[in-house]
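Features as listed in TrEMBL:
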- A:Cys169, A:Cys176, A:Cys193, A:Cys232: [4Fe-4S] cluster binding site (BINDING)
- A:310-331: region 'Disordered' (REGION)
- A:313-323: compositional bias 'Polar residues' (COMPBIAS)
Amino acid sequence: MELVCPAGSLPALEAAVDNGADAVYIGFNDETNARNFGGLNFNDKNALRALERIRNRGRKLFVAINTYAKPDSFARWQAAVDRAAGLNADAVILADIGLMGYARERHPELALHLSVQASATSAPALEFYRQQFGIRRAVLPRVLSLKQVQQLAAASKVELEVFGFGSLCIMAEGRCHLSSYVTGESPNQNGVCSPAKTVEWRNAAGGLETRLNGVLIDRFAENENAGYPTLCKGRFIVDGKRQHALEEPTSLNSMALLPELKAAGIQAIKLEGRQRSPAYVAQIVRTWREAIDEVLQRGADFSVKDSWRDTLSKNSEGKQTTLGAYDRPWQ
Amino acid sequence: MQLALGPAQYYWQRTDINQFYEQMLSTPLDIVYLGEVVCGKRHQLRAADWLELAQQLAEVSDKQIVLSTLTLLESNADFNWVRKICDNGQLLVEANDLSAVQLLAEAGLPFACGPAVNIYNQHTLAHLMSLGMTRWTVPVEMSARQLGEVLNACDSRPEVEVFAYGHMPLAYSARCFTARHLGLDKDNCDYRCMEYPDGLPLASQEGEELFVINGIQTLSGEPTNLLRHYKQLCELGIDILRLSPQWQQMEQIIDAFDCARRDDLDTELLPPGVDGYWCGRPGLELIARSGTGAPA
């Protein structure tokens, strides 16, 4: 079971490698990747350094080029694939059908992983990408229950990677336009959700307000922790009731399911967080490294240690975690 | 310009569904899409019932009847539903995810792609056309400029359909937000989304209508309305305008679009709606406030 870890910078990549990542995924510093945030990600020089560090330590490097290519600048996405192939990356993580066609034709040796942004949730959808583009692995959307993951793993002809820990997208990835509806920028086209440049923190009579492009996302009393105004985690009014109508600030944590995921034949666990600090990456990677090593040794006797749980909770949105869609009652 | 009724997003009573489509037969629509596209648990009409309704409508009407598939598949039951629709043997199918595309392409059948299939550029469009796609409903967040760029770069183009009126489907989740609001689990939802035939409005704490909750789906709080862009839609060579079913005033909306194509539209009587996405802006904005031409 491979541990696939995020890096938005060289120090984060080093933290991931030092703490036990089997593979690290990075993006180039433009809208070709789904964590297109200012000051993050890799230019050509840093990508080469990243590769050198990865090779020195015998790990793998994946490059995420997982937004949907724009019609007037398709060449930028093609160039990103060319750059990843030029680096001799171990795989590229793609979502766009047109781009996969290009990668397959131009770089037949380059391994393709299907991004979670492609939202493939059934065996025939996975088979589509395998037959058309020869994808080797797919990252599953965070919408399936454990049982559904197990069924899909039994039917799939490609390797499957699932999310272990990190910010929880509660919508099917690649199929959420909430951000563009309010701010004009979307994960699919711009690689951002609820972009920071549209965020406003405002002290008002009713408390601290968070806004996105002027739209009120939440209002906090003095004793409440004010979180980043991600659209699906705001407090809204439904039928006269003020509530977290979609989801509360929380992170996904599937560590407790590791034995089942391993038994199902899941080949890789992905940690989310290319936008996070090297210190964050170091802590969660070390925790997951220990947990995966334990499950490899102990199998079904595995249990989540309190210290692991504490570390992950501390690094979670709203200081709480959930099994998300893996667990039916969450749905 | 043809007018299409998109697939119904909300969960309605069986008798109401039958009556609604009966009424639609006497409207100037050219195309009617039918089928459950949101939740595989909804069972007032199962796959076989939708097939039967579609075949009945196709027999008595000269409108084109198209079958739409589920958008977010999670269980084997969901997939079996999609398979039944794809295997109907008679009517065109609108694929709303890649599972349906795979089944239809394997069977060598022509197919349409719905707005939740991510086709954002000419290369993706060409690939799917090579597999049998004949009609493309454009993702709701795509602008007129981007659509023009895709179409200009195409060697051959499919029929192009634009989501021109109605609350836009914005997101799909494993979670049922209607059940959550009512304090229920999805597994024990009691099909309560049926109590909200036009969805459950979600507003900001300042009362701004942001979204509409519809089971596992989230729709735009405001309907989109591209009537004021009718001329531009024609100039771009759009073939079909999609009007999304709603419980109230569907006939008036269809009439307004029919008037536009007969050049007989009184713009004072337009139904409300936003057009931000079409103008390359946040979807909730209203840019063109008058006329039926391109925005100033």
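Just so you know, glycine gets a Cβ as well, placed from its N, Cα and C.
Automatic prediction, not curation, is the source of TrEMBL annotations.
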Quick one: give me the count of other CB atoms within 10 A of the CB of A:Cys193 ([4Fe-4S] cluster binding site). 22
Just to be sure I understand, if DSSP states are collapsed into helix, strand and coil, how many residues of the region 'Disordered' (A:310-331) fall in each? 14 helix, 2 strand, 6 coil
Report, in sequence order, every one of the binding-site residues (A:Cys169, A:Cys176, A:Cys193) having a CB within less than 8 angstroms of a CB belonging to chain B; if no such residue exists, report 'none'. A:Cys176
Secondary structure of A:Cys232 ([4Fe-4S] cluster binding site) (DSSP, helix/strand/coil): helix
